[in-house]
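Report on the structure given below.
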Amino acid sequence: MPVFAQVAHEIDIFFSFSWRDWSASIIPGSIFAVGAMRGLTLPLTTLVARYIFLVTWLTPYIYFFTLLNQVTSVDEDMINKPNRPIPSGKVTLQGAQRRSIAAFSVFLGVALYEPSLLPETLCWISTTAFLCLTSYGNHWFGKNCIAMATGAWALLSASWKAISPSTPTSDTRIYAMCGWAALTTHIQDLRDVKGDAAVGRMTLPLVFGDMGSRFIITFLALPAACCILSLGGIFQLSPITLGSLHAILGHRVLRQAGSRYDHKTYMFYTYIFCFILMLSSMDSHGLI
């Protein structure tokens, strides 16, 4: 296969594995990085170069995770997501395994090139291993309350530090977003009950029942998450808008309209994640 065709093929495979997760990785990381550009007197070319470097970290960040996640969850994907590359036959299991090793090597190599990102890189590697290679990653508490919080820290801390040194305000907001994610990411499991049950996972809907988990998310997790945003100084940036978005999210969670509807609810949730980070970046630049 010609080199250009091979490169195009690999780009297509990268998109196939990762595009559904961009609104929870590359996009929010990029949005948060904009906030780190405030007050910098660097030339535009330097800022662009730093952002391009961040993209070289974010790309293997999500590719390494999605590859290993899908390599270790083929049985579930055959039920919940049969159109993914491995169950659909687009990529063989062995091919995905080879690519996961390559993505891991690139991801670690970027951090070794820029050691300031090594803590976040090692955190994400550990989080991915915890999720994909241990039984604790199959339990609702380990999967969401722990792993999504540590993953959010790795994503947001690296996205800021790739542009500018961290500040007390940026750290406070990162920790607030980690708490928000730990409480709310259970939303992703509402759409995958059938496959999760088949492989023995203990997600919130399987432990507390479908409607029970929806009540927990809507009336306990979402209000608590808003309180954490308030403690981090984020909710005050646009209280009416953020309150309304969380109310709409809760309304969607309570509706038992099928897995496809629940998937759209999860995507809406990731857009809220991006919006919150946009508010933070706008505030950093004095725009709100």
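Cβ from N, Cα, C; glycine included.
Per Swiss-Prot, transmembrane segment is recorded for 24-44 (among others), and the stated evidence type is sequence analysis. Within its own chain, the transmembrane segment (24-44) is flanked in space by residues 18, 51, 54-55, 58-59, 61-62, 155-156, 158-164, 170, 270, 273-274, 277-278, 280-286, which lie at least six positions past its ends and keep a Cβ under 8 Å from the stretch.
According to Swiss-Prot, the transmembrane segment annotation covers 51-71 (among others), on the basis of sequence analysis. Long-range Cβ contacts of the transmembrane segment (51-71) within its own chain (Cβ-Cβ under 8 Å, at least 6 residues beyond either end) map to 14, 17-18, 21-22, 25-26, 29-30, 33, 77, 84-86, 93, 96-97, 99-100, 103-104, 106-107, 110-111, 114, 117, 121, 124-125, 128, 131-132, 154-155, 158-159, 162-163.
Among the features that Swiss-Prot reports, transmembrane segment is placed at 101-121 (among others), with the record citing sequence analysis.
According to Swiss-Prot, the transmembrane segment annotation covers 145-165 (among others), on the basis of sequence analysis.
Per Swiss-Prot, the feature transmembrane segment maps to 215-235 (among others); the stated evidence is sequence analysis.
The transmembrane segment annotation in Swiss-Prot covers 268-288 (among others) and rests on sequence analysis.
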Beyond the flanks of the transmembrane segment (101-121) by 6 or more, those residues with Cβ under 8 Å of it: 53, 56-57, 60-61, 63-64, 67-68, 153-155, 157-158, 161-162
